[in-house]
């Protein structure tokens with residue numbers, strides 16, 4: 001990250017002209033691909049732990065994978081659908097989020113106190129500053145919209161990663177799902193996914209923006225117009241992303257556990273309420289928190305990586321566009 005980028009950040013104004021949709025899509029795609037490829041083993045382990053009706057332990061599951069003939073390949077099994085889902089899902093999410101936040105940023109009510117959220121405060125970001133309710137709402141809507149579009153890829157990914165079906169290829173997984181369950185099978189677990197993703201994404205954006213503001217205030221006690229250093233900006237975004245993900249993940253993990261069971265065994269579990277009832281009857285309440293440690297680890301790291309990369313790319317682009325606009329004045 002360049003020092004120029006960090007020191008120009010307070011002067012960059014986020015407008016509908018500079019925040020081009022195509023670049024938000026590209027930045028989201030890049031950040032999503034980076035996090036999904038690096039953290040695929042954690043995602044695979046989470047699926048394996050959650051698929052068990054006896055709530056399998058992490059270490060025995062990992063030991064089984066490592067003892068296979070091709071442990072490295074096994075750990076990254078399902079990387080392609082995961083990268084497609086996370087990469088394009090992130091691209092759609094960040095694009096939709098920006099499209100929602102830009103017009104809301106023009107409203108004094110939704111930015112809070114006549115736009116004071118944007119004035120006289122130190123910032124590690126060039127993104128719009130909104131009220132808590134606006135952050136909660138835009139995060140939830142953007143995530144559910146992106147999740148619906150990417151749902152077929154998500155279902156195929158979960159089935160392919162699981163050893164419950166032992167599919168030999170992604171194409172074979174998709175073909176079998178459509179053949180046995182119809183096209184609606186590609187959307188198995190969407191209700192649980194939406195119930196998990198809407199509050200998760202809303203809470204995440206809310207916590208993330210609050211933590212960034214709080215950490216920026218702790219980091220610098222100088223004048224209000226003092227810009228953040230380059231390392232401070234990236235570290236604040238990374239730490240805020242990780243902490244926000246941990247908090248939101250813990251609150252919404254039961255929905256993730258239910259979603260996994262519905263996607264793996266829709267015939268048995270049927271719907272959300274039936275799945276919750278059966279899981280508690282057969283495995284106890286702890287089954288609703290299966291894979292929590294793995295999910296927190298993966299979500300904290302993936303969210304921190306994705307948002308830090310995304311914020312840096314957007315910040316650099318905003319500055320470049322501002323410089324070009326200034327040069328033509």
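Glycine is treated like the rest: Cβ placed from N, Cα and C.
Here Swiss-Prot flags 19-103 as repeat 'Solcar 1', drawing on sequence analysis. Across the repeat 'Solcar 1' (19-103), the DSSP tally of helix, strand and coil residues reads 69 helix, 0 strand, 16 coil.
Taken from Swiss-Prot, the feature repeat 'Solcar 2' applies to 130-214, supported by sequence analysis. Confidence in the repeat 'Solcar 2' (130-214), given as mean pLDDT, stands at 89.
Residues or ranges marked as repeat 'Solcar 3' in Swiss-Prot (evidence: sequence analysis): 232-316.
Positions annotated as transmembrane segment by Swiss-Prot: 25-50 (among others).
The transmembrane segment annotation in Swiss-Prot covers 78-104 (among others) and is backed by sequence analysis.
Long-range neighbours of the transmembrane segment (136-161) within the same chain, counting only residues 6 or more positions beyond its ends whose Cβ lies under 8 Å from a Cβ of the stretch, are 43-44, 47-48, 77-78, 81-82, 84-85, 88-90, 92-94, 96-97, 100-101, 104, 130, 167, 170, 173-174, 177, 185-190, 193-194, 197-206, 260, 263-264. Taken from Swiss-Prot, the feature transmembrane segment covers 136-161 (among others).
Tertiary proximity for the transmembrane segment (189-212) is limited to same-chain residues at least six positions away from its ends with a CB under 8 Å from its CB atoms, namely 93, 97, 123-125, 129-130, 132, 135-144, 147-148, 151, 154-155, 236-237, 239-241, 243-245, 247-249, 251-252, 255-256, 258-260, 262-263, 266, 271-272, 275, 303, 307. Positions annotated as transmembrane segment by Swiss-Prot, on the basis of sequence analysis: 189-212 (among others).
With a threshold of 8 Å between CB atoms, the same-chain residues lying at least 6 positions outside the transmembrane segment (236-262) that come near it are 47, 50-51, 124-125, 158, 188-189, 192-193, 195-196, 199-201, 203-205, 207-208, 211-212, 215-216, 219, 228, 269, 271-272, 275-276, 279, 287-292, 295-296, 299-308, 311-312. Annotation comment: Swiss-Prot describes 236-262 (among others) as transmembrane segment.
Residues or ranges marked as transmembrane segment by Swiss-Prot on the basis of sequence analysis: 291-309 (among others). Outside the transmembrane segment (291-309) by six or more residues, the chain places 27, 30-32, 34-36, 38-39, 42-43, 45-47, 49-50, 58, 86, 90, 204, 208, 234, 237-246, 248-250, 253, 256-257, 260 with a CB less than 8 A from a CB of the stretch.
Mapped onto DSSP helix, strand and coil, the repeat 'Solcar 3' (232-316) counts 79 helix, 0 strand, 6 coil. A Cβ distance under 8 Å defines the sequence-distant neighbours of the transmembrane segment (25-50), meaning residues of its chain 6+ beyond its ends; these are 56-58, 61-62, 65, 75-79, 82-83, 85-95, 158, 161-163, 256-257, 260-261, 290-291, 294-295, 297-298, 301-303, 305-310, 313-314, 317.
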